[in-house]
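Database features, via TrEMBL:
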- E116, D117, I118, V119, T120, T121, G122, L123, S124: 5-phospho-alpha-D-ribose 1-diphosphate binding site (BINDING)
- T120, R148: orotate binding site (BINDING)
- 45-154: domain 'Phosphoribosyltransferase' (DOMAIN)
Amino acid sequence: MTPTEVLDEFRSAGALLEGHFVLSSGLHSPVFLQKMFVFQDPTRTERVCKALAAKIREAYGEVDYVVSPAVGGIVPGYETARHLGCKAIFVERENGEFVLRRGFVIPEGARVVMVEDIVTTGLSSRECLAALREHPGKILGAACLIDRSGGKADLGTPLVSLVQLDIPAYAPDQLPPELAALPAVKPGSRNLKT
Ligand SMILES: O=P(O)(O)OC[C@H]1O[C@H](OP(=O)(O)OP(=O)(O)O)[C@H](O)[C@@H]1O
Ligand SMILES: O=C(O)c1cc(=O)[nH]c(=O)[nH]1
Ligand SMILES: [Mg+2]
């Protein structure tokens, strides 16, 4: 799939949102990729994740485990693993920190790739990778559907993506006036209070 075809999937799913969004990192942006609008359609999800699996195989070779950060990474992690013919597990937040729960185990020597949905600053990916380093297994690298950092996010490990975009994101005290004028919404799950 070309980057244009992938973006067309997001566009036709209604996942390219404009407004005022507070991102997982705390940065603010006029654009939000609501990936769940893509993932609610299994056929669309299959198309993009099949393409991501092909890129992963080309970059990293055989993979035994895909590990994804919850919540957004779970669906693409599972579907990408289905095309790679490997296991799919996830880390989730416990007292704010990503950990492997539910008895998930990564065997010694397993070849592991981290699969994210969207990378903005790379913070969530780095947190997920840090959690994985507490376990056996060889981390080959990372992958995501859309890297909206324009390639600037540094995960400390290679990152492959289907699309690279350079979407503006601002510190809360540096908002352009037209963005500050709009009410802000925070769509993601980080710091959600139960
Ligand atoms: O590269 P970053 O700056 O970390 O931003 C990207 C992260 O933000 C979103 O997760 P979020 O924490 O909003 O929750 P979600 O997975 O439940 O959507 C997205 O799923 C990525 O994990
Ligand atoms: O940085 C984020 O939190 C983020 C950006 C985006 O476009 N989509 C998303 O789900 N999360
Ligand atoms: Mg996430």
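Any Cβ shown, glycine's included, is placed from N, Cα and C.
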| remark: DSSP, reduced to three states, assigns E116 (5-phospho-alpha-D-ribose 1-diphosphate binding site) to strand
| query | DSSP on R148 (orotate binding site), three-state: which is it? | reply | coil
| message | For the C-alpha pair, I'd like the distance in angstrom between G122 (5-phospho-alpha-D-ribose 1-diphosphate binding site) and R148 (orotate binding site), rounded off. | response | 10
| task | Determine the mean pLDDT over the domain 'Phosphoribosyltransferase' (45-154), rounding to the nearest whole number. | result | 97
| task | Could you check which of the binding-site residues E116, I118, T120, G122, S124 have their CB within less than 6 A of ligand 2? | result | I118, T120
| Additional residues surrounding 5-phospho-alpha-D-ribose 1-diphosphate, by Cβ distance to the E116, D117, I118, V119, T120, T121, G122, L123, S124 centre under 8 Å | S24, S25, S125, C144, R148, S149, A153
| request: Using Cβ-Cβ distances, find the residues under 8 Å from I118 (5-phospho-alpha-D-ribose 1-diphosphate binding site) that belong to the same chain and are at least 6 apart in sequence, listing them in sequence order. | output: L33, K35, G72, C144, L145, I146, D147, R148
| remark: Residues near T120 (5-phospho-alpha-D-ribose 1-diphosphate binding site) by Cβ (under 8 Å) yet at least 6 apart in sequence within the same chain, in sequence order, are L23, S24, S25, L27, S29, R148, S149, A153, I167, A169
